[in-house]
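Peer 1: What follows is a structure written as structure tokens; I'll ask about it next.
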């Protein structure tokens, strides 16, 4: 018997990539999705005989085993117990066209494919090559199946997006380059799984578990931060960033992931929440799990998970750190789409993942997946980390004025402040979609009260009795909303006269009103502090004291100015200022008014000077202005965009006079068609980054 001899293997790369929606990956490897057939052609030196039998062996991981579903043995025309199958399609006599089908719950990752041929009493073995198997949102039997094509295009195939930041009443959009199809990113995403603690402790079990999006997404949430296992990004929220990159200067995930990979897995410095979420989105989309970025405004970090956040200020309005709880102006996390076999079908759909290292879960810094359905229904006893996410969107916000160790005055118990305008980018456009209703019932509704009570009960939190250090107020179930500790006799509001721009003075008005018929003398202590987006004060800017006399039901306004010279040396890169006014009457009743301010960047304009076509150069013109009344030097203009620039572009801008406008031109050569995002960032030591982006429609060559 002459056994068939295989001279070459054609992996039908173009055909398979198109069928499997993997054409965009910048790789020559065979990249396939599970639960879907792929074709290979075996070119033969000798023809196949009827008595020849063919057995395929697909294996993944360091210790492949059938019992772990990391090794599959299957023959032609017979589906094996493992769910893999192969069939021969019609073709020329000197070649074999083979169609191979993997099961929809196959382990994802790098595979080797071998063929064993038995011809009479001769057995020969041939390595056919390697392929990468990914999750498949197009396959109805896959746990990550997503029914709508437009949603698959957005949450799996879109390599750029928008991350919302700022304040609840001043939401800003920041462009982010996910770049999941760029060169090396798939290899890096698989390396992230191989560097995890789980893999180091038991590689065979870890690889076997990679059939589950619940498992893979949880591993990624742990590995994107560096806290436990030399993961990708090191977080930093205090001090200077001299030994790394300021988190505000990142515009995408590609340069971060490549830096981690090229420095032999040294954590990249530094990241904050949107960086962790951006990188997580890249890795999960790359692996085939539909993923989006979510921003929660007024996001609670409830350290002791008792669903109450306590804020203390002194009598001058200065924030005191008497509690480990905090409320961030915004916090960014991810949602991934898959079914929950571990919880039941009611909890299928969007699952929260948070790679920002805040609290440990099962001993390491990881968070999720937590079902958004579980959060909305108050099912905080379900895996994973649902109490932490529930508190982030639902905790009470209790404000205290701290007079002394013996006297703390409760000003408000606000049940509506936390978890506002929960936002994500729309499918197919850059507009904002509010998804708050996915997380909770309408604030103040009977259903929302019921869910809150249920969560308290499941967490074993009682609203009566003494807690460590302080006594928590009872949540007012009968009158939801912002509850003052006693009936107020004055009301007040801080407002901006106009939207403040960096480099200019800030004009504010404090409006006070006497709500009763008595004459009043009010002492006002006004304070402005530079803060981070976590609302942590970093530097005092201004303190003012005023005495206001108000007649019966009289209203008065006080205007005041924070000059550029006062804030320029204190302002953090976040460009955020917290203004507080403590108003006290002679009888001792207090009113606390707060105003968050984000200074706006001056505009940066981007013009594409001609049509954008694949492999054809086109010029881009960027115009920007020095917003300061000082000369600035040593600025750098940076540009990046998947499908437009293979590496980040950097152009030095030598000098800019006060308020001077400057124009820079550069060339791009698009290498991928479709809608593309070009991001531009002016980096300067004198002020925080000025960013802009433009969307381009790139025509095929």
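Yeah, the Cβs are placed from backbone N, Cα and C, and that goes for glycine too.
Where the annotation comes from TrEMBL, it is an automatic prediction and has not been curated.
What TrEMBL records for 265-357 is domain 'Transglutaminase-like'. Annotation source TrEMBL lists active site at 273, 331, 354. What TrEMBL lists as Ca(2+) binding site is 394, 396, 443, 448. Summarising the annotation, TrEMBL assigns compositional bias 'Basic residues' to 466-477. According to TrEMBL, the feature region 'Disordered' maps to 466-492.
For each listed feature, how buried is it and what is near it?
Peer 2: Counting Cβ atoms from all protein chains shown, residue 331 (active site) has 25 others lying within 10 Å of its own Cβ.
Note on residue 354 (active site): other Cβ atoms within 10 Å of its Cβ, all shown chains, come to 31.
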Peer 1: If you skip the near sequence neighbours and keep only those at least six away, which residues in the chain come within under 8 angstroms of residue 273 (active site), Cβ to Cβ?
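Peer 2: 328, 330, 331, 332, 333, 356 - these are the non-local Cβ neighbours of residue 273 (active site), listed in sequence order.
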Peer 1: Quick check for the class: what is the C-alpha distance, in angstrom and rounded, between residue 354 (active site) and residue 448 (Ca(2+) binding site)?
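Peer 2: For residue 354 (active site) versus residue 448 (Ca(2+) binding site), the Cα atoms are 24 Å apart.
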Peer 1: Would you mind splitting the domain 'Transglutaminase-like' (265-357) into helix, strand and coil residue counts from DSSP?
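Peer 2: Counting residues per DSSP class in the domain 'Transglutaminase-like' (265-357), I get 18 helix, 41 strand, 34 coil.
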Peer 1: Would you say which of the binding-site residues 396, 443, 448 has the most Cβ atoms within 10 Å of its own Cβ?
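Peer 2: Of the binding-site residues 396, 443, 448, the highest Cβ count within 10 Å belongs to 396.
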Peer 1: Just how many other Cβ atoms lie inside 10 Å of the Cβ on residue 394 (Ca(2+) binding site)?
Peer 2: 24
